[in-house]
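S.K.: Sharing the record's features from TrEMBL:
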- 1-24: compositional bias 'Polar residues' (COMPBIAS)
- 31-55: compositional bias 'Low complexity' (COMPBIAS)
- 1-55: region 'Disordered' (REGION)
- 96-125: region 'Disordered' (REGION)
- 165-184: transmembrane segment (TRANSMEM)
- 204-224: transmembrane segment (TRANSMEM)
- 236-254: transmembrane segment (TRANSMEM)
- 266-289: transmembrane segment (TRANSMEM)
- 328-349: transmembrane segment (TRANSMEM)
- 355-374: transmembrane segment (TRANSMEM)
- 394-415: transmembrane segment (TRANSMEM)
- 427-451: transmembrane segment (TRANSMEM)
- 463-483: transmembrane segment (TRANSMEM)
Amino acid sequence: MESSSARNNGTMENNLGYTRSASMDSAGPPLAARSSSMLSRRSSRQASRGSISLSREMGDSILNSMRHSLQSADQLLGDVDSSVLAQLIESGRVLAPEGDVDEDTANTSEHHKVGPLPDDAEVPNNGKSVAAPISLVETKVAISNIPADSCTKVEPYKLSLRLDYAAYMIHLAVFGFLGVFTRYGLQKLFGPDCLALTSDQSPLYPDLPSNMLGSFLMGWFGIIFKADIRNISDHLIIGITTGYMGSLTTFSGWNQKMVGLSSKGHWVYAIAGIVLGMFIVNESITVGAETGERLRSLILKYIRERSSIGHKYVWEHWRVDTRTKQSVLLSVMMIVTSILWVLSIVLAVVKVRSLADGALLWMGCSVAPPGVWLRWYLARMNGQGIGKHQSFKWLPIGTLAANVLAAGIMAALAVTSKAVHTKRSTAILSGIQLGFLGCLSTVSTFAAEVYTMRRSGQIARAFVYAASTFLLSFVLGTLIYSVPVWENHYG
């Protein structure tokens, strides 16, 4: 703008000089007019040069800022309304825009309206627009690896609506299996049979290590690196966050252990387990976000240094954006899902019949995918509010419903196991608790939502949400489990 202004001023001065020279031809020498015109042109050139120099400095400053930009957890979450984030943290999908759009229209809309939210979309925040953070991949593609024919943009290949949903469900199932395997392994490692750091009789409940690890990883992949991974594959980031970390952590198991302690009269241990456990998972996700931010800055620095000495990083090769890549990935994940599921069902039947070791694990894996899918389905309730007026849109209703529902079913299965009290029934019911209910409930997403509210300054909402989740789950568990135990004197 300054350059344009300078040119206009120079043009006006030139015209003025020309007018003066024309009017002074009869009255005075033309030298003065020529000198005035030359001076005006020189000043115009100087002004133009100065403005060009200033715009170059501004451009260099902008590029330098883009290259060194690191989206911390505060930048990602601090200024965005929690009702919108509640929709995105767990499901990563925008199922319908706000407004008078019916459900059928939303479900049959274009692919980008029912698929994951694109990274460059603007998220509404109390009437304002907040641009999504620049991902690590996008920064390098935009700055370091701009092709010569960048003006011709090729649209990425998109799956049909049915294949898109199938791809999400397959990714969720595969990563759900991995989450159950990891959680079971951590239970054995830190339990009484190995390190003896956790037990059913202390506030350090058996699922505490997996909840800590899942919350820590949520800080990495659910907050800091989420945009970067989504730039490679939308299905992959949903599989990692909702599938793996959601299945690695379990709220229902945590709640049931505290209900079990209270049913035996250990109320202090139960309260300590809730308070201490909440503090630990909150710190885990905070440390995860901070270390993830630092790691991302180191990776960015390394890429800049390698790029400066002539190395090129073609990030497009990693993107699953062609028909061939989509088909190959979908086929591979489908094969892996089929193998894991069939193997889990066969081994569960064999192990449960013989009551051999591993019956709990394989029974849990065989019922894990439906738990992940149900939680993913409930996640679409997040940010929708309650009632016709959509009150409490800031409250993650979907996550709350999944955790409370899983806690209630967990308590019902626990009291049923005590009433029937056979080894085979215990193995089956415990496997359902480990797999289906463990995957239906989640601590990593719950911790991420509380973290989001706290970081955005909504401390009261964070407290209400956390207190509501624990209170509803604990009271429901007490009514379903503890009351029958007290009345029937189950051991």
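Glycine is no exception: its Cβ is also placed from the backbone N, Cα and C atoms.
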S.K.: Below 8 angstroms Cβ to Cβ, which residues of this chain, lying six or more residues outside the transmembrane segment (394-415), approach it?
M.R.: 81-83, 86, 89-91, 250-253, 255-256, 259-260, 371, 374-375, 378-386, 429, 432-433, 437, 440-442, 445-446, 449, 453, 458, 461, 465, 468-469, 472-474, 476-477, 480-481, 484-485, 490
S.K.: Given the transmembrane segment (328-349), which of the listed stretches 204-224, 236-254, 355-374 has the most Cβ pairs that are under 8 Å apart from it?
M.R.: 355-374
S.K.: Can the transmembrane segment (204-224) be said to touch the transmembrane segment (266-289) if we require at least 3 CB pairs below 8 Å and skip pairs under 6 apart in sequence?
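M.R.: Answer yes, regions in contact.
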S.K.: In the same chain, which residue numbers or ranges, 6 or more beyond the ends of the transmembrane segment (165-184), come under 8 angstroms Cβ to Cβ?
M.R.: 159, 207, 210, 213-214, 235-236, 238-240, 242-250, 326, 330, 333-334, 336-337, 340-341, 344, 360-361, 364-365, 368-369, 371-373, 376, 434-435, 438-439
